[in-house]
Amino acid sequence: MAELHEALACLRPKEFSDVPTDNLQAFLPDILSKAELIANSVPEAPNGTPYESSQRTRTEQQPATGAKDLTISRVRRPPPAPEHEALQKAWGKPVKLSNSDAATGMSVFKMAGKDRHGAWFARTSVHEGLDFEKWKRAMKREFPESLEVQGGPGEGNVRGIGGDQRLEDITVEGIGQLQVYQLSAQFPGPTSPREFITLLITSDNCLTEASKVGDSIPRHHMVVSIPVSHPDAPPRANMVRGYYESIEMIREIPMNDGNPETNPVEWIMITRSDPGGGIPRFMVERNVPSSIVQDAVKFLNWACARDDGADAAPTTEKDEAAKLTNAHDNGRNLSMVESNGITAGVGTSIADMPSHQRHMSHRTAETDTSLQLQRTQSISFSSSSSSDESFASAEQFTTAREGFPNDTSIPTPSTLSQQSLPMADDSPHHKAFQKIEEKKEQLKLKLEQAREKRDMDVQNESSKTEREMQKAAEKHEKEKRKQETKYQKEIRKLEERRAKETRKLLARQQKEDDKSQLTKAQRERDEYKQQADSLEQENRLLKNQIGELQQENTALVSRLGRTEEGIKILKSVRENRTRASSRASGSSGKSSKSMRGSKGSSESAGTLGRSGTAQF
């Protein structure tokens, strides 16, 4: 799976100075090829059938009018190239969604990141009821249309993030388009608004043979969003810089029969975001699956409700009218699409409302009737949702400009806001002005109602978010205390286990020492016993030898005692003993000697025998 994470690394934040704008022919294909690999790594939505053996799920011929009207298609594209299909295991099983989110037919997957910047989320689904071309136009128009609306952070957004400024716009022939947008968003609750600087890469021909369906590559549109730092977009005050990385792609699943515009469309998105501001990552990732599903529903509702006629190229006459409007707007910032004459219809109606600034800025009243008519004409032509009456009145203004002299008494839209139309004059001009004024008042009323509803929704969302954050904080504290208690309990268990192991070790060591001492004592006892046995045997042997010697000595003494020589020897021995005894006992020895000398010769033999025995 290392190949997938290496490909995801191309979405990491960049400096715009590191983007080779002079060599985009090599830079863009590299990014788009990695984006194709990432998109093909997302598993297909479950419970589908291969497109070769399936039919369209939708039976209605009319296009869908909203997300709920779309049909969840069971048609599935064939698997991609084997090397791409093998990467689908990295996403695992789909995340469990709520019943309302699951009813949309969208599947969400989660994969842990390998770069310590958070987990990746993927969303996939297949729909019928919104044709591919209309879907693609909606994706291309999402940010440009938000640029046409001026106001607070995220004003005019479709999915929560609105465009404030387009910093770069480069088209590479045959490959795609590179743009840099300064975006902003205002999240509900007591949070600071966020800003995002995004490098947007779009392409309609980036898929390769790895994504073939049958013998051809299907129609597709891919959008790659990379966080970037741009020198023309320094951090703004009171806004927190956030980052989001994403790949979004739609591709057609071609069917063999029927109208190609009714073919199912597969929608894939891979994203990871960091809103900044120190929000814990677990709180961000906890709500991502539900958020990306709800954002997808918002986009589908907006895309289905869009009028593709508003995207048509304006005529030359309308271009001239738009130029006249631009010449008299005070400080109006037009996007590239606005310069082609595409402007939101409500922009004309709320042009004079400074409390809610739009692209149609507040115009100062002028007395020159010709100039007023030119401006009124440009407003009528620049509005993408102007009514037939407005268009007719614009033609009448043009005719009046050519056929009537300049008359400053004729009221204009800028003066109608301060004075009512004269009812006595039934001229077509006054009727047209009156209709415009009535429509303007109606739109003002609708706008005020929408504002009140929005304020109430924001207030409700704010209180709801505060409660959710408070609950989350309480839950976090409770979980923290629980973890701390568990940690302390584990520490105590470890300490007790360590003390027990120490006691067991000491007891084992003492037992080993006792055993060693016992073994040593037993060994010494055995050695002493062996020595005692040996000495006892030696003693018995010596006793036997002594007995034998005594017998021999007795025999010798008895034989010597019968001879003269023997008597002399006995006498000498007796004298030696006497001298020895005298040295030990003094005078007592002398008396015993005289007593022994007085005995008869009959005792000589016995004395000689004893003396001989003692001598030997």
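Think of each number as a place in line: the chain as shown, counted from 1.
Positions of Cβ are set from backbone N, Cα and C atoms, glycine also.
Sequence annotations record features per position, and here TrEMBL assigns compositional bias 'Polar residues' to 50-64, 367-377, 406-421. If you look up TrEMBL, you'll see 378-395, 579-605 marked as compositional bias 'Low complexity'. The feature compositional bias 'Basic and acidic residues' is assigned by TrEMBL to 447-530. TrEMBL lists 120-303 with the feature domain 'DUF3074'. For 39-96, 345-433, 447-536, 571-616, the entry in TrEMBL reads region 'Disordered'.
Applying DSSP to the region 'Disordered' (447-536) sorts its residues as follows: 90 helix, 0 strand, 0 coil. Within the model, the domain 'DUF3074' (120-303) shows a mean pLDDT value of 91, rounded to a whole number.
Across the compositional bias 'Polar residues' (50-64), the DSSP tally of helix, strand and coil residues reads 3 helix, 1 strand, 11 coil. According to DSSP, the region 'Disordered' (39-96) comprises 18 helix, 6 strand, 34 coil.
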